[in-house]
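Asks: What TrEMBL lists as NADP(+) binding site is D:Arg48, D:Arg54. As annotated by TrEMBL, FMN binding site applies to D:Arg125, D:Ala126, D:Ser127, D:Asn237, D:Ala238, D:Gly277, D:Lys292, D:Pro293, D:Thr294, D:Ser295, D:Ser296, D:Arg318.
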Protein chains: 4
Amino acid sequence: MSGNTFGRLFAVTNFGESHGPAIGCVIDGCPPGLELSVEDIQPDLDRRRPGTSRYVTQRQEEDKVEILSGVYEGRTSGTPICLLIRNTDQRSKDYSAIARTFRPGHADYTYLQKYGLRDPRGGGRASARLTAPMVAAGAVAKKWLQQKYGTTFRGCMQQIGEVAIPFESWDHVPNNPFFAPVADVSELEAYMDGLRKSGDSIGARIRVTASGMPVGLGQPLFDKLDAQIAYAMMGINAVKGVEIGAGFGSVAQRGSVHGDSLTPQGFASNNAGGVLGGISTGQDLEVSIAIKPTSSILTPRDTIDIEGQPTTVVTKGRHDPCVGIRATPIAEAMLALVVMDMAMEHRAQCGDVLLPLTPIEASRP
Amino acid sequence: MSGNTFGRLFAVTNFGESHGPAIGCVIDGCPPGLELSVEDIQPDLDRRRPGTSRYVTQRQEEDKVEILSGVYEGRTSGTPICLLIRNTDQRSKDYSAIARTFRPGHADYTYLQKYGLRDPRGGGRASARLTAPMVAAGAVAKKWLQQKYGTTFRGCMQQIGEVAIPFESWDHVPNNPFFAPVADVSELEAYMDGLRKSGDSIGARIRVTASGMPVGLGQPLFDKLDAQIAYAMMGINAVKGVEIGAGFGSVAQRGSVHGDSLTPQGFASNNAGGVLGGISTGQDLEVSIAIKPTSSILTPRDTIDIEGQPTTVVTKGRHDPCVGIRATPIAEAMLALVVMDMAMEHRAQCGDVLLPLTPIEASRP
Amino acid sequence: MSGNTFGRLFAVTNFGESHGPAIGCVIDGCPPGLELSVEDIQPDLDRRRPGTSRYVTQRQEEDKVEILSGVYEGRTSGTPICLLIRNTDQRSKDYSAIARTFRPGHADYTYLQKYGLRDPRGGGRASARLTAPMVAAGAVAKKWLQQKYGTTFRGCMQQIGEVAIPFESWDHVPNNPFFAPVADVSELEAYMDGLRKSGDSIGARIRVTASGMPVGLGQPLFDKLDAQIAYAMMGINAVKGVEIGAGFGSVAQRGSVHGDSLTPQGFASNNAGGVLGGISTGQDLEVSIAIKPTSSILTPRDTIDIEGQPTTVVTKGRHDPCVGIRATPIAEAMLALVVMDMAMEHRAQCGDVLLPLTPIEASRP
Amino acid sequence: MSGNTFGRLFAVTNFGESHGPAIGCVIDGCPPGLELSVEDIQPDLDRRRPGTSRYVTQRQEEDKVEILSGVYEGRTSGTPICLLIRNTDQRSKDYSAIARTFRPGHADYTYLQKYGLRDPRGGGRASARLTAPMVAAGAVAKKWLQQKYGTTFRGCMQQIGEVAIPFESWDHVPNNPFFAPVADVSELEAYMDGLRKSGDSIGARIRVTASGMPVGLGQPLFDKLDAQIAYAMMGINAVKGVEIGAGFGSVAQRGSVHGDSLTPQGFASNNAGGVLGGISTGQDLEVSIAIKPTSSILTPRDTIDIEGQPTTVVTKGRHDPCVGIRATPIAEAMLALVVMDMAMEHRAQCGDVLLPLTPIEASRP
């Protein structure tokens, strides 16, 4: 109800502001008995962490996670898991000048209208920094799903600005700062260097998948697996579009092409993106999201101040020129959280999850 | 939790199957004192109703709604409103042949895997017929929002298959069977007639908007207004993609272009689609959805039966060649239900909704 | 949120008013595959039904239940089950005189204050008639729990007014109109006949139990099994007190007496009432509830009218002189609904429910 | 769903274990603009804090609260408020001997059965220490309700063991370690000193009230104000019974006595306890709860170990001889949290809360 809890059975409540003392989350409902330590969580946080290349914000945050509760002698006890990340490199002085101005593309105007006051330090609650606790919670879900069903989650960059990125191999993704599935990222480096010098920013398109999916996850009518995914993805900062499977490409498809044939060896294609009638088919989940360009740019923009008077704003500080880059581990985490919740709901109603009757191969690489 | 209730404060619980005795919903949480009769609900049901043109299914359903509770002397009493629609033209014999086969693109396979049994009559619970109660519930939300804030909801067709449809005027939408905002639909008629003869089906792209929006609706972090919209839209049968504002177009946009400037007269553009940081700006909500081609087609398809043996299936019966056509009033209703719920949530936390400080004009027609 | 849905995973949404066309409920989340027909539900409805003896209201309602959805070929399909009960013997003319007066002990004043209008016909939504759909839903839960775990639910009368009723045997309960566990109810008959002639009403105390309980049901911290039971019981019309196990008797107990010893054969006593730390022990659940006297009485009462002027009210019509009598099957049903929901939640987090390690005997008969 | 979040609109998620590094909560949904600092919260925590007299546990915990988020420049910002309390005086060595034994009256057996593992240090999650964050959250609710409606919350001791405590005045409550509303507590002191020497423990009965209640709070059918109160109270550790208004006393009342007459000056009595039909009348809320004797006692008790073998257990360590004593501020806090949530729900559906039409006096002192 309250907007800051994600999931119902694996319920993650997020708290904190960009420049407050700490951010974190409480995971309620985690199955007991899962071996868990900070080593399971930190690697995903490190993938999302700022300051790791010249293509992302230079804010230095170690993003070290502490487990404050819910783990006893190295295993989850079934009680709430509080994960805490301290903010260490907040520089609120960077933001004092803009407290009275609405930055275009930012939530300044809407927060003030909604709440009657707003925390201008680093975007406050609207900062993408608040995705860090979700990456931490997602790591817990990933571990349980991996152990229980062998489900794994991966994401990669599909497009930055006008530059489409072909899919070569998942192996390349960890080897470049763009999460790009290609061996050679020199074009992307040049593109991003040019962008940075221009003082502007750019959008991106991310692909995220789940493999080894159990069959039967998702709840009709409204809590369809794909509806939950859309909700999770659109809830990530700056996301403006979500596709499942063929997505917008299905508009111009014939039914005879779109509907994935079934064979004794599995589905012959995956236009469905792993979901039929809101329920998982056992194929790979295939999700694609559009991320808008960073709103914090050096280019001067027209706007108004809190008295409604016209003014101009330039957003200095340390910002990602393409927020889409660091969105890959975030989208993976959110997808894992959706699957986790749906797995638990399925178990509640139907008993333990069935594995697919037949080995099903995804049609996309 | 259970998947068949939409909304939390204006909570709509949907029930029924395509070929059972009745379908319907229970609206819990409706504000008291709203004048309400079937005349407020029936017009939207009539817009969604089958059998109204040769371009949609020929199933004949009057879709007459009954109000079983929650209204006393013509006004809502604050108690649950049960809306009942009887099924009158179900022909289960049409479906008996396919009970043992998984139709490509349908939920047959996933329902059987999830529940261990399935109702094959007309798609059972997975039928798009279950959107009718949502259209009815949406009409109640629309009336309250119109009276309270002057908010209105409209939708139109943007594309059918390869045929893009330019926006001429909202005035044309009710005057053709495609919900197309154009005066001349002869091209669409020819396209659809050809499609119908081919025994195949096609996808569509729908636009849906809200005007006269209050500022400040939506809950960070996860229950963002746009996240709730994405959830609602992706929950509609056959939807494969959702965009807010510039949507996937924002991938190739520069930040200096995407971020909507503010002026004393309002926002200068609406790439945001009426939402910043998950909270409404007061601009028009702008949503676009992709709908896959109808899965029920006369073209023979390869599939397997419930023993896993290969077979071929042809789906006879009465089906929409483009399910997207009748999706327009459905998408409007779902958008209204989201706005209603968010309006009530806002009221709970922040008191009554503020109207925008300045008149804000949407940038798109 | 909305107040008319009970349970989260086995979620029962109730609708209707005492004198509207129909009452009913929608059960969402029922496990699939359960054999279900009206024959499973009607017997419990008949136990609650009015008009069955001279000690209860003479309103004649057959309370015949229809299953509108969610059952296919005699088995639950996992989709929402709509249960409908038509009102047939509403006599609204009985109530027209009191529409402008607040009856002491009734919800007339609070409904008008809350909603700004109220349905005066038979108490509208505040009528105990709305417990009928819960009895119907409880019958579905009972059947599943009986089949899955062998859990059974029973209730009996403990006290009517000043008359305490000793426990002789469960066998007597169905053999008298008071649900009394005694062979000879002549004292109760005389007491109730005297009360009826006096035009007054009286309170009652009911005991309700569950046997064959799985161990481990209930969620700390807030959704304790006993907290959920207290919520369910206090939600029944006219209930003013709830006890678990030793209840208020535990105030004067020493810890050395209250704490139930464990032995290899099970617990040696059941002061806990089957719940420790909010989680079921496997012992019988032991619940006791206090029900206030019927508010509708022939004795004239002082009150005010809707203008705030003093007046006197006499409630004619057909009323139970002791609403507690018909509360027994209602309390059983609500207890079953709580256990059902907790069983499903347990399954979601911890996998399937364990039966107790050792046979545990309840200490009370 | 998950059991560790209380409330829906003012949602408090609790985390931590008795002997972990910290305990705390996240409040989601707090109205923005409320002035808030630790000074508003600490006094209630100090009232609940251990080690303040010889009649409660000698564990020394300062229970200093930190506000980690949700407050900006001294006012709530509408975003989640994380309240953290560090554990400083945990002595886990006290508990190591009992890790393999089930203490009678404790949750040891049920936690192990439910989760397959348990944290034996100080009762882990089942410790009453976890009520501290609720007292903190309750202080926030109290402040908002006081400012908005003038609603205030008070509690006092009614009975300890066999010793009934007459009500003399609220003024005495803060002046003795028992929260007793009497000037002279010498009898209670003697009783408790004797009990402490015997190595045993005792139960208690607490009264808690709300004054200055808005009219119209509470949701029929299930989320009745009194049902929510029963749920909240029974969720407090060791509570075994809950009464509203006349409570179990209503069993032997006639309807002509129980039903509170209305007069132009208000209700003439308060058997209802401030609730009719689940909705607040504007009278004082009157709640009474039974608290069982502390399960941790020095008296040896028969039990079994985790292998099911008979053994004897003595619980050393530092324990409250009567957990009921410190329950008074806890019960007040939980009552405030219920009223807060219901106030917000009312506001969502019906707009802002109405004050009573006429001044209504509670019948009890």
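Just so you know, the numbers here start at 1 and follow the chain as drawn.
Cβ from N, Cα, C; glycine included.
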Asks: So if the criterion is CB under 8 Å to a CB of chain A, which of the binding-site residues D:Arg54, D:Arg125, D:Lys292, D:Thr294, D:Ser296 qualify?
Replies: D:Arg125
Asks: About how far apart, in whole Å, are the alpha carbons (Cα) of D:Lys292 (FMN binding site) and D:Arg48 (NADP(+) binding site)?
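Replies: With the alpha carbons as reference points, the distance is 18 Å.
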Asks: Take the binding-site residues D:Arg48, D:Arg54, D:Arg125, D:Ser127, D:Lys292 and keep those with a Cβ under 8 Å from any chain C Cβ; what remains?
Replies: D:Arg125, D:Lys292
Asks: Fewest other C-beta atoms within 10 angstroms of its own C-beta: which of the binding-site residues D:Arg48, D:Arg54, D:Arg125, D:Lys292 fits that?
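Replies: Across D:Arg48, D:Arg54, D:Arg125, D:Lys292, these binding-site residues, the one with fewest Cβ atoms within 10 Å is D:Arg54.
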Asks: For D:Ala238 (FMN binding site), list the number of other Cβ atoms lying within 10 Å of its Cβ atom.
Replies: 23
Asks: Over all shown protein chains, what is the count of other CB atoms within 10 A of the CB belonging to D:Thr294 (FMN binding site)?
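Replies: Around the Cβ of D:Thr294 (FMN binding site), 26 other Cβ atoms lie within 10 Å.
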Asks: From the Cα of D:Arg54 (NADP(+) binding site) across to the Cα of D:Ser127 (FMN binding site), what is the distance in angstrom?
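Replies: D:Ser127 (FMN binding site) to D:Arg54 (NADP(+) binding site), Cα-Cα distance: 20 Å.
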Asks: If you count CB neighbours within 10 Å, which one among the binding-site residues D:Ser127, D:Ser296 has the smallest count?
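Replies: Taking D:Ser127, D:Ser296 as the binding-site residues, the minimal 10 Å Cβ count falls on D:Ser127.
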Asks: Could you state the CA-to-CA distance between D:Arg54 (NADP(+) binding site) and D:Thr294 (FMN binding site) to the nearest Å?
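Replies: For D:Arg54 (NADP(+) binding site) versus D:Thr294 (FMN binding site), the Cα atoms are 15 Å apart.
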Asks: From the Cα of D:Arg48 (NADP(+) binding site) across to the Cα of D:Ser296 (FMN binding site), what is the distance in angstrom?
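Replies: Given the Cα positions, D:Ser296 (FMN binding site) is 19 Å from D:Arg48 (NADP(+) binding site).
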Asks: Does DSSP give D:Arg125 (FMN binding site) helix, strand or coil?
Replies: helix
Asks: Determine, from DSSP, whether D:Arg48 (NADP(+) binding site) sits in helix, strand or coil.
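Replies: D:Arg48 (NADP(+) binding site) sits in a helix per DSSP.
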Asks: Between D:Ala238 (FMN binding site) and D:Arg48 (NADP(+) binding site), find the distance joining the two CA atoms and give it rounded to the nearest Å.
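Replies: About 15 Å separates the two Cα atoms.
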Asks: I need the CA-to-CA distance for D:Arg48 (NADP(+) binding site) versus D:Arg125 (FMN binding site), whole Å please.
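Replies: Answer for this pair: 18 Å between alpha carbons.
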Asks: For D:Thr294 (FMN binding site), which of the three DSSP-derived states applies: helix, strand, or coil?
Replies: coil
